[in-house]
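As recorded in TrEMBL:
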BINDING   GLY261, GLY262, PRO263, GLY264, THR265, GLY266, LYS267, THR268  ATP binding site
DOMAIN    240-514  domain 'UvrD-like helicase ATP-binding'
Amino acid sequence: MPQLAIAKEFLAEYAALEKPVRERVTQVFAKFEQATHTGLHLEKINHARDDRFRTIRVDQFWRGVVLAPRNGDTYTLMKVLPHDDAYAWAGRRRASVNSVTGGIEVRDVDTIDSTLPHLERVAEHVPTRLFEDVKDADLRRLGVDEQTLGFARTLTDVFQLEAARGLLPAVQWEVLYGLAAGLTPEQVWEEMGAAIVEGEVDPEDLDAAVRRSPDRVLLVEGPEELTAALESPFDLWRIYLHPAQRAVVEASYGGPARVSGGPGTGKTVVALHRAQRLAERGEGEVLLTTFTSTLATALEAQLRLLVESRSENPEEVLGRIRVEHVDRLAHRVFREEHGQPDLLDPARERALWQEVVAGLGVDLSPSFLAQEWRQVVLTRRVEDAQAYLEAKRTGRGRGLNAARKAQVWQAVHSFRNLLGERGLWTHETVSEEAARILAGRAEKPFRHVVVDEAQDLHAGQWRLLRAAAAEAGDDLFVAGDTHQRVYGPKVSLAEVGVNIRGRSSKLRINYRTTAQILGWSLGLVLGEPVDDMDGGLDSIAGCRSEIRGEKPVLHGAATWEAELGYLKETVGSWAEAGVLPDEIGVAARSKRAVEQAVLALEEAGLPARSLAKGQAVGSVPVGTMHRMKGLEFRCLAVVGVGGEQLPAPRSVTPEEEDPGAHARDLLRERSLLFVACTRAREQLSVSWHRSPSPFLEAVLDR
Ligand SMILES: Nc1ncnc2c1ncn2[C@@H]1O[C@H](COP(=O)(O)OP(=O)(O)OP(=O)(O)O)[C@@H](O)[C@H]1O
């Protein structure tokens, strides 16, 4: 019986077809499997470069282009186009089998042949070639075949490669793009890892090749699955994983494992798929957790979509996964033993530190002590004066002599005593206590723990998660990007009992943002020393996007009013171009700026809402940079990126008070801007008034 497969690109294009055509496509292909081989009416194309491309009639005007193997029964729907375009598209192309992945690939042979002489002429006048440092042998080993190799050798810059995206076989193009982005052949090989097929590949066996290409082609089992796939073309993440993503989703790890990667590389997608996978195994409960309640709510909704569309027994699978943000888990466990905690808010905590300082008569600042308590005493679980004397104070800047340390310890000790005597708690101590409770229980609540936005968790939360599942294979899985840390302090996973050595993977292809916006945004953090939570430094080199678009638009205004005027124009022009209000986002550093931006937009007749006030469909969401986490927008305006607003003066510890905290605060402010800017999918506007923020220095002219 013929089996229908759909090329990933077509799923995205289907939505753009007019409704009657869409309906006809569904009708024609829903019957596909019932049709006998002879009843399929696949038309041959005269003078085609590859006679395995055929057309199928959709209606009088439209034709589907189908790739039909010589042997085998898998037919891949590639395109639906007007009659003449369909014939032209199919006539120019050739299908082949990638020698490394064994997957299906299609190239535009006609255009490659006709472009080559022009590229060769250009190359004669340019002294260097794009891939001159890469050996032919390496390119071949990575599956670049002779035609693509000849083409690649004529390229002189990355823009030519980008322009050739639709011409070259996709996997081979990705290999070249990775090399052009600065990856070594070994790194590219590693990235292909999961897709590499073992044994010989038969270059003629298209049927096997299609079946080996789950990242590019969806095999459709019956009309219902066809309708479901066609109806949600924008949720491609649910269906197609990049081989590098799939490898992480499907792996069995001997212990805790981690996936990292720049913004938009699909870490959350991987975490969701992995949670589903682990639940399907049926070995026990899965905890899917993250940093904030808003993010947890979003995860839960996405998980439901994924499981409902991809699991055979969705309710059972969902029943095995608990989605809960980490503080909520901490409080739940805490309450089981102690009831509701009396929580210190920041103002009460400051007052308590002041009380300690006054009581002891020492000249130590409450904010210094609070940071020392969190980052050294709590993080390292320091229990007595001797341990504090010996504790590493990495990142705390100013060294303390023994006498000073004794004073600090005395203050911390008094503070802890006060907490104990008065029955007071902070979120950190609640986590620590919950961790202690779970560590003491023989029965752990979860078999697997999956953590998203891992970079923002503090040590107590890590200890809690460590204690929430017994040590075993596939116990903990963490996804995060330390360049996006905007809340928590630096944590070394090894120090909190989470050993990921040898079980760490990196994603590098961004699916959200255009190459222009991503490249510009990466400039905000490049060169900043950012830890990798595992004793080393993280790098976002090689993080790249394959989507082309416009450069970010930068604008400096004279005053805040003028900047808001510019915002109104920008948002107005996006709305006029047909972008829906919900697809537009506005980010600012402070709550006040958010409120003023909402007012300004409303004044201009553009419905807007503050994200802090929750959902309101049909208006432009405006939020602080902190709230931008986990969101994405087609068009995004980041406002108030001025020298007086970013870094936010009140959020940065003065250098003279504590140089370590100062540097860390500055990096956090920089990361905030980075997080905000990387939420934009198609258009990014960045504006300021008076002087630009110092963080923009490196990227102002790009
Ligand atoms: N394999 C895929 N195919 C299509 N779209 C994908 C794929 N993987 C991820 N995406 C899309 O890319 C976007 C970013 O994915 P996701 O949020 O998982 O990335 P992230 O690495 O967690 O991002 P960030 O760190 O910036 O929050 C989402 O819109 C997601 O649906």
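Any Cβ shown, glycine's included, is placed from N, Cα and C.
TrEMBL labels come from automatic prediction, so no person has curated them.
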For this session: Identify which of the following binding-site residues, namely GLY262, PRO263, THR265, GLY266, THR268, place a Cβ less than 6 Å away from any atom of ligand 1, and list them by sequence position.
Result: PRO263, THR265, GLY266, THR268
For this session: For the domain 'UvrD-like helicase ATP-binding' (240-514), provide the mean pLDDT of the predicted model.
Result: 93
Seminar exercise, completed: If you rank the binding-site residues THR265, THR268 by how many other Cβ atoms lie within 10 Å of their Cβ, the lowest count goes to THR268
Exercise. What is the total of other Cβ atoms whose distance to the Cβ of GLY261 (ATP binding site) is within 10 Å?
Worked result: 26
Seminar exercise, completed: Close in space but at least six residues away in sequence, with Cβ under 8 Å from that of GLY264 (ATP binding site), the same-chain residues are ASN510, TYR511, ARG512, THR513, LEU518, SER545, GLU632, THR678
For this session: For the recorded ATP site, enumerate neighbouring residues of the same chain (Cβ within 8 Å of the Cβ centroid of GLY261, GLY262, PRO263, GLY264, THR265, GLY266, LYS267, THR268, site residues themselves excluded), in sequence order.
Result: ASP481, LEU507, ASN510, TYR511, ARG512
Seminar exercise, completed: Same-chain residues at least 6 apart in sequence with Cβ under 8 Å of the Cβ of PRO263 (ATP binding site), in sequence order, are ASP481, HIS483, GLN484, ASN510, ARG512, THR513, LEU518, SER521, CYS543, PHE674, VAL675, THR678
Seminar exercise, completed: Students should find that the Cβ of LYS267 (ATP binding site) has, within 10 Å, a number of other Cβ atoms equal to 26
For this session: Return the residue, from the listed binding-site residues GLY262, GLY266, with the maximum count of other C-beta atoms within 10 angstroms of its C-beta.
Result: GLY262
For this session: Would you mind pulling the DSSP three-state label for THR268 (ATP binding site)?
Result: helix
